[in-house]
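According to TrEMBL, the protein has these features:
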type     : residues        : note
SIGNAL   : 1-21            : signal peptide
DOMAIN   : 115-209         : domain 'Cadherin'
DOMAIN   : 210-320         : domain 'Cadherin'
DOMAIN   : 321-439         : domain 'Cadherin'
DOMAIN   : 440-544         : domain 'Cadherin'
DOMAIN   : 554-667         : domain 'Cadherin'
REGION   : 556-583         : region 'Disordered'
DOMAIN   : 920-958         : domain 'EGF-like'
DISULFID : Cys948-Cys957   : disulfide bond
DOMAIN   : 959-1159        : domain 'Laminin G'
DOMAIN   : 1204-1393       : domain 'Laminin G'
DOMAIN   : 1436-1474       : domain 'EGF-like'
DISULFID : Cys1445-Cys1462 : disulfide bond
DISULFID : Cys1464-Cys1473 : disulfide bond
TRANSMEM : 1484-1509       : transmembrane segment
REGION   : 1614-1659       : region 'Disordered'
Amino acid sequence: MAVSCFFLLCTVTKYIRIGIGDKNDNPPYFDQALYEAEVNEDEDIQHTVITVTAKDKDEFSVLEDRLTTLEVFLDLSRSDAEMTNLVESLVESILGESSILVCVNAITFFFYTHLQVTATDGDRDRPQDIVYFLTGQGTDEIDPAQHKFAINSSSGEIYALKPLDRDRPRGRSYWRFTVFAEDEGGHGLVGYADVLVNLKDINDNPPFFPSALYIGNVTEDGPAGMTVMTMTATDYDDAEEGENAKLTYSIEQNPVNERGELIFTIDKDTGVISTAVCCLDRETNPEYTIKVVATDGGRLSGTGTATIKVKDINDMPPRFTKNVWNVEVDETDGGDIPHESILVVSVNDKDLLDTNRFSYEVLQSAYGSDKFTMLTNPDGTGSLKITKPLDYEDPNQRFGFNITIQVSDDGGQSKDPRHIDRAKIEVRIRDINDNPPKFLKENKNALIPEDAEIETSVANFTAVDPEKGGSSKVSYVIERRSDKKRQFKINQKGEIKVQRKLDREDIPQYKIKVLAIDDGNPTLTATATLTVTVDDVNDNAPRFLEDYRPVFYENKPPKQEVQIQATDEDDRSKDNGPPFTFRMDFNAPPKIKEFFEVEHDGTGADGAGMAIVRSKVEFDREEQKEYHVPIVIKDSGRISMTGTSTLTVVIGDVNDNLMRSDKKNIFVYTYKGDASNISIGRVHVNDLDDWDLPDKVFAWDNNVPDSNFNLDPKTGNLSMKNVTPGGPYSLAFNVFDRRHTKSVSATVHVRVQEIPEEAIYSSGSVRILGTSAEDFVRVSEWKNEETRKSKFDKFRDALARVLKIGQENIDIFTVYLKQERPPVTDVRFAAHGSTYYKASILNGAVDLNRKLIEQLVDINIVMVGIDECIYEKVNCEGSCTNKLMVESHPVVVNANKTSFVGINSWVKPQCKCGAREFSEPETCKKYPPTCLNGGRCNIAGNGIKCTCTEGFTGPQCQQPARFFNGNGWAWFPPLQQCEKSHFSIEFMTKIGNGLLLYNGPISDPDYEEEGVQDFISLELRNGKPRLLIDFGSGTAEVLVDTQESLSDGAWHKVDIFWDRENARMMVDNCVYSQHTSTDPSISDRSKCEGKGIIPPFNEFLNVNGPLQLGGVHHKLLSFKWKFQHTREGFDGCIRNVIHNSEVYDLASPGSSSGSHSGCPPSEKICFDNGITSNCKNGYCEASYQKALCVCYPGWHGSRCDKSTQTKMFKKNSYIKYALSFTPDAFKTDIQLQFRTRQKHGELFRAGSKHGREYFVLEVRDEKLRLRFNLNPYRTTDEKELWLPDVSVSDGQWHSVRVLRYGSTASIILDGGGGRRLNELIDYEEQHQEMEIEKQNVVTGGDVQYVGPGVTLVDSDFQEGCLNDIRLDEKFLPMENGSENAAVIEWNNIIPGCPSNYPCKGVDCPLPFICRDMWLIHECSCPDGFMKTPDGLNCTDADECFINPCFNGGTCIDLPDGRGFYCICLDGYSGIDCQTLVEANTIKLSMGALAVILSCLLFILVLVLFIVVYTRNHKKKEKEVDSYATDDPLGNVVTYADEGGGEEDMMNFNKELLKVPVNPDIASQEIPLLTTSRMVHPTEDDKHRLVAPVSLRYDLRCPSDKEDLLNKFKEVDSDTNTLPKDDIRNYTYEGSGSSAGSLSSLSSTSEDNEQDFDYLPDWGPRFSKLAAMYRQGGSDEE
């Protein structure tokens, strides 16, 4: 230390030595940039390959001693030394920028061969704990199972975990990864090295040829040395590694020519194949097959096959297949030249079609050659066509032409005879029917009196036909449109006669069109007109000119009068009308004669005469409100007519009575919650005067109005504002009479009830004659002021009686005045058990019990099931359909002390065939719901689609099949009336007799009532079908004498067609009918079809009773039908019941017995079959003999377990097939799936060899169209069939099936039904067969071959997708081939059905999002939301609206677009309740079962012992005072003992107080109740067992005695519990079954079977019950 001072300032200086300790902050480094080492293949294990040293800058002392070493070991102890040629280790500076290059032989580096990396650290004061790890290629941090390499973290050994392959296609030649070394146990510094592992090639891959088959071409007749093709093999070994991949080529199999010379040679280095000889001849050998071998340097080899085709040259001459051709052709119709060819000729030419350039021509060397020309067809044939008119009447042409034709195979450019051939064609001309018949006189007039007798001759017509020299036969018919009522007929002599009574007042004149039809082909027709004037006869009695209802006021003196005039429908110009004379009927009641007088005034009414009716007394309205005066009117005809009309005189009211207080009951039904601002009736007071409303003033009591109602003070009318259903409401009023200055009080009780849509659309109805709507609901008699039970209530009681349900389960919701005078009232009602009954059971039950109901209610029922189409030509001239209209404003029936406000529902007749009327757009928002049986309705493109639960396969989720046991029946809705109808049904049975269906009346008409007797029935009689059909004017019987019995256990189909006059029945689509190939074709359908003429003159089938399948449930009726149907039930299965395209749902009959849905015989056959018991993506279809899986669209295979291929068709795309089977000539069955947004395009085409017969399914103008031609002689007979009401160009997948049977056809889209089904049924004089050429089946368009290898596709199905193509139920592949067909040509198709990313670049305004709708985009709301009405925003969607929960689940909608959830019924689970919960089952061994049975036997013996012991000690036990103990659980009185019951003091057994929760009552069929007119239940019905009741109990027990009492009261009042004291099994109407399943109208048979002798043992509390069951019920009850 140094110290110095300066001017008293001192400083001190001190030196400090600072030692810097080493910190491990420098990585070690190698002293060489590159290390090289070699090791012998057979070196010892653990031999040191190389020692590498490194230095470290850390630690200032002696750095050379701080070296880091890396030792590399190669462990070959378990590798194959033979496969290892070289291992080189190149180590470049590790732990800095360093790398390790390791070369090992490919494949052997697996698990055992490893690279060991060792790193040391020179830090002397640091631990040497170094940890190693890898990253990079061959490692996978996400999935360790994919690691290729691993390192031992402590030793540094690097292993290969999987085999390493150097070679293509999946191998790689090197791997690069990084080795990290971290000292201090993984918490220090990190060094790394890049490791590059090069795999050294070995010759382990033989060469191969990439293609399975090579195709080469060589021109025929060419020189030697012509290059044919090049074959190149591939070797995945390294081409740079010696000769591993050096290839040489040779031909192993080389054909030789006829001289034994090898035909081909190959260049050993390049693989170029060339000809070794010259002059190959394609006609001798069109192709050769050779095998080429490629060998590498290691002598590994591979082979390839080449097919060398000899290219054709035009060196062979053409030759006609016939020297003389013959053709017969119709003469042309004037200048109308046919476009189609009349003859196709063919030639034989050994050259290929593409080589030849055929050219045909007609040589102008004979007369008539100029009238023809030849055209060359793409297939090399020639077509002869007419170019000028042919006339059979020309003598020079009558005997035909002999013309010469020529063919050239070089396009007609050469005259070389080697390329030309000639042939003769003999053309014969047929005389065609080109002259129609001619009437000698085309217009005639006739006058005939209207009372002309039947068979009266009217006129005669004569027509002649110049064809066949005047020998042609002419037939006559009347055009029915000119004589709609068929009142005239014509015979084959041309004589017209009267066949029905005429009525001038109905039709005064007829203009009848008479048709004369010749017997030519085609037939020609001439028309004549007959004008028939009907002469009047005085046959109509006079009547009142109008409906007079004069008013004579009470309390006024006599001589009030009214003038009455008359009219007559007869012709006045014939003096068959006025003047009229009037007088009172001599038989008028004395009171009428006393009160009125009738005076005849002959000069009145301008001389036509009139009557003056005067009063003779003073009237009192309170005595009688109106009088009926009968007046006789006589006209002035030569034979006069007299008629009686009744004059209704109304007594006018005067306010001459005091009013008194009264009350009124108003019942209101509301619909869809709409109960606002509707009138409900008038406030009522007791007042004999009923015209004094202007004198009254109505007011609320104390002037305090009710907030829910409005009152009109002038009229007293009440209206509801916003009333919630469920009332009641009590309203009080004051009514003031200004004339009498008196005020009284009035009370109105209002009850409001909501009626669901289901009730309205499942309702029954009746029409009542002679009772007004007021009379129906009235409860008081105005005259004597007595209150009585209304007919409304009586009718409800009667319904409850016949339906055997409680009155509270019946809703009479419409009372509608149909007609005022005479009064006609329509009443509509619904009934329910667990569900609402269907209309068929309601109407059927009322119809069967109509007489009883009429007696009980005192009404006259004139129609059950209101049907405005039942009487033909009343509302419509042709087809007629009933439509139930439901309007929002109610129908109010006001009847003094009561008022009924009902739903305004009424039946509207629509003059159309409703089943075929599709003017209304499809929607899911309608009722009845579109999708049945719990199916879900979804919007799909331009239409809707039903998603169905399992087992319901109909287009609207119908169950298509039902089983009948031979004594059963099932009721369904009646057949709708259509002018032309088609009904089809399929069935399977082994019993030869039985009724398949009946639809007609089910009860006899009332006495002197004519009734509607129309009916239709179909039955099997000795295995043959029998049809009866009656339009009400006579029964027609149609029989089919089939070759085999239809009771053979197989499925059979019967089609029934009828129109206004004819009925036809066809069996199994007439697939076994016989046909000729003549023109026109002649068919023999006698073994598959029957026809009948329906007796005149009714023209429509009008039925409104239930359609009964499988049998009938009514007594034998008294109608005088000519033929009676059998009453023997059908035993077997029925399915696919379709009427005019509407598919019946056989799962839900209105009522049934001895029948249930499905077909157990089929199901058993399916289950027993090892294949069909598990149809993966389809369903099993079986008869009694066999079963098969029917695959859903998109699947194929015997188990439907193979998915089909989807292909997208681009521009000019198609697939052409070569079939391996011969398609049926009579039947064509096409099925496929497609998807498109294009307006046009062909889906499928099949044709004959020459294309004149064809079958084309296509999209045209966005609609499906089928067109086909079966006439091989002309293409003008094309038929068309459209689906005009469904757009299929909506981008959705559609399934279509087309069925052709002969000339009839049908299209079924997406399962069919309604607008998705259409059919052609015309077959007479039509060709029936089509021979499909096996290689003329194409999808995607009409392929035209415009040149060699050049095609053009017409009607191109572009930008569309096809899938699952089936022809005659055989699957056609979309590529390659199958056992059914091979794809021989295809163009421009791509796999799948991709979209085109339409949302790319599209920005939708918020909150909308872009959705890919396949090829187009849509800006729509997110899931769970829907557009607002203005379309500008999104709002939460009610996702429960479409009922997404299956199997009865309840849908709960979640707010804010969060979706929905389903509350499933027991037995189902899943997000939409589609998953069936299967109970766990325990399978017991035989030993365990024996033990259990032994235990049960022991328990049984023990129970018997206890019973015997108890009975022996019973008296002693009764002496014990059971009420003395304080234990509440030990003194429960046994309920079976005397005095047992609910009131057991205060001590209870808690077990008896457990509340049953959700009793699951087994479904039962409820017998339809009966009266004396019902059929008695069968023995099977009587022995039907009731299923046991299953209960769940609440096991929570009350805590104290008060809780016990409350619990007891709760149980006692709980309506869901079973009856007190004795748990019984009940049959609940409709429980678990469809709409009640009522099977008979008698008391349930179960009650009759039970033994109630034990009831007296229950004690005095049950004495009345015991007495009731001892006596039994009456028959009436």
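Cβ atoms here come from the backbone N, Cα and C positions, even for glycine.
Any TrEMBL annotation is an automated prediction that lacks curation.
Given the structure is predicted, the values throughout are model-derived calculations rather than measurements.
If you take every residue in the domain 'Laminin G' (959-1159) and average the pLDDT, you get 93. Residues 924-925, 929, 934, 936-938, 949-950, 1421-1426, 1558, 1560 of the same chain sit 6 or more residues outside the domain 'EGF-like' (1436-1474) yet have a Cβ under 8 Å from a Cβ within it. Between Cys1445 (disulfide bond) and Cys1464 (disulfide bond), the C-alpha separation comes to 8 Å.
Sorting each residue of the domain 'Cadherin' (115-209) by its DSSP state yields 7 helix, 36 strand, 52 coil.
Taking CA atoms as the reference points, Cys948 (disulfide bond) and Cys1473 (disulfide bond) are 12 Å apart. Comparing Cα positions, Cys957 (disulfide bond) lies closest to Cys1473 out of the disulfide-bonded residues Cys1462, Cys1464, Cys1473. Packing against the domain 'EGF-like' (920-958) from elsewhere in the chain are residues 757-758, 761, 1143-1148, 1158, 1179, 1286-1287, 1290-1292, 1310-1316, 1441-1444, 1446-1448, 1474: each is 6 or more residues past its ends and has a CB under 8 Å from a CB in it. Sorted by the number of other CB atoms within 10 A, the disulfide-bonded residues Cys957, Cys1464 start with Cys1464, the lowest. Proximity of Cys1462 (disulfide bond) to non-local residues of its own chain (separation of 6 or more, Cβ distance below 8 Å) is seen for Pro1444, Cys1445, Gly1449, Thr1450, Cys1451, Ile1452, Gly1470, Ile1471, Asp1472, Cys1473, given in sequence order.
Counting residue by residue with DSSP, the domain 'Cadherin' (321-439) contains 10 helix, 52 strand, 57 coil.
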